[in-house]
Amino acid sequence: MTKPIVAIVGRPNVGKSTIFNRVVGERVSIVEDTPGVTRDRIYSSGEWLTHEFNIIDTGGIEIGDAPFQTQIRAQAEIAIDEADVIIFMVNVREGLTQSDEMVAQMLYKSKKPVVLAVNKVDNPEMRNDIFDFYSLGFGDPYPISGSHGLGLGDLLDEVVKHFDEETEDSYDEDTIRLSIIGRPNVGKSSLVNAILGEDRVIVSNVAGTTRDAVDTEYSYDGQDYVLIDTAGMRKKGKVYESTEKYSVLRALKAIERSNVVLIVIDAEEGIIEQDKRVAGYAHEEGKAVVIVVNKWDTVDKDSNTMKKFADDVRNQFQFLDYAQIAFVSAKEGTRLRTLFPYINEASENHKKRVQSSTLNEVVTDAISMNPTPTDKGRRLNVFYTTQVANEPPTFVVFVNDVELMHFSYKRYLENQIRHAFGFEGTPIHIIPRRRN
């Protein structure tokens, strides 16, 4: 399933970022950042009235010295391309402008749901000034105040009404769903073509030539797969040249639909910050991961080269210490078959469930080897551990006081559980909970 994307659009200086920060800071439950993951905060994942969604702030687009009209068009184009619901924001103090009307025309042609928000309605008397905005053709305008936080609940109530009911993909549960992600020009499309043995995706040495993603079913050695080629990691002409951070939005959709995520990095260029950002999305979604080092044919090698590169990957991607690393050349078609055992193992472990009795024996043994911590004379007591979910495997540890479960000890228990049950390729989550 994929979360709906809500985009806040409008001309500059109408308060988009203020409203985004209001929604993120006060009205939405934000997914906690993962240590070691670098991420631009132009989107957040949250929920409103039990509806989960991704919300993006187009106020941060950097176009450099491009004309004013190009900025407006860039914001609207991104929203049209990626959003499921659009919050179109205008400013009551400046009234209806020609730029507002231009944005409205673009959004109207998109045929996507648009909720009109009139910002800076800071007192009840100003509500009388919103009626001019009816002429934009998007129904009732919603008066809000970013500075005072007024009207946001009514606005979000209307937004979630436009969410489609989420449906599961129709693929068989034994089919492994793969998304292939990475920064532009690391060879994602070439990897897809090499796996499938045909040019299913346009490939060019210019970053961003991949078409819109199309699922492709594939079988190998008796296992069925669905490849989701994430065209979302592309750029689209001049409009996207300085907005690379927005290219993750479509990749997020593909990640959410996946069992296993292949994170592709360029062996020739090495690891850069954008690789970490891309990898962070998969990790935070709790997906099984395989790291694919592509273009391995371009690297001068000796007997230690692969180990040195793997060590560097481990150092740079410490939050993905569970992921296997495959070295391939999509262009030459070499070492591709080494991918599939890693993919299969990661998928199997992602779905794995373990018996509570055996699990508690492992935890008891772990505590005997490394006793629980104390704080101000109080010791953490672990009463019982149980698995409450899979995909990813999630465990609740019942304790006397959650505050006594230090991060380091939780990580220790995680490592012991991982080692005992063989959870290679998948994250596992441990949730301490106070026993009543």
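Using N, Cα and C of the backbone, Cβ positions are placed for all residues, glycine too.
A quick note: this is a predicted structure, and the numbers were derived from the prediction, not measured.
If you check Swiss-Prot, you get these features:
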type	residues	note
BINDING	10-17, 57-61, 119-122	GTP 1 binding site
BINDING	182-189, 229-233, 294-297	GTP 2 binding site
DOMAIN	4-167	domain 'EngA-type G 1'
DOMAIN	176-351	domain 'EngA-type G 2'
DOMAIN	352-436	domain 'KH-like'
DSSP three-state call for K188 (GTP 2 binding site): helix, strand or coil? helix
Fill in the CA-CA distance, W296 (GTP 2 binding site) to V121 (GTP 1 binding site), as an integer in Å. 58
Its residues classified by DSSP, the domain 'KH-like' (352-436) shows 32 helix, 24 strand, 29 coil
Whole-number Å only: compute the distance from the Cα of K188 (GTP 2 binding site) to the Cα of K16 (GTP 1 binding site). 34
K188 (GTP 2 binding site) has how many other Cβ neighbours within 10 Å of its own Cβ? 28
Simplified to three states, DSSP reports N13 (GTP 1 binding site) as coil
Summarise the model's confidence over the domain 'EngA-type G 1' (4-167) as a mean pLDDT value. 76
Cα-Cα distance linking V121 (GTP 1 binding site) and G182 (GTP 2 binding site), given in Å to the nearest integer: 42
Look at the binding-site residues G10, G182 and tell me which residue has the greatest number of other C-beta atoms within 10 angstroms of its C-beta. G10
Write down the Cα-Cα distance for N185 (GTP 2 binding site) and G10 (GTP 1 binding site), rounded and given in Å. 31
What is the Cβ neighbour count of V121 (GTP 1 binding site) at a 10 Å cut-off, with all protein chains included? 25
What is the interatomic distance between the Cα atoms of V121 (GTP 1 binding site) and N185 (GTP 2 binding site), given in whole Å? 46
I need the least crowded one of these binding-site residues (N13, N185), counting other C-beta atoms within 10 angstroms of each C-beta. N13
Have a look around W296 (GTP 2 binding site) and count the other CB atoms within 10 A of its CB, chains all included. 22
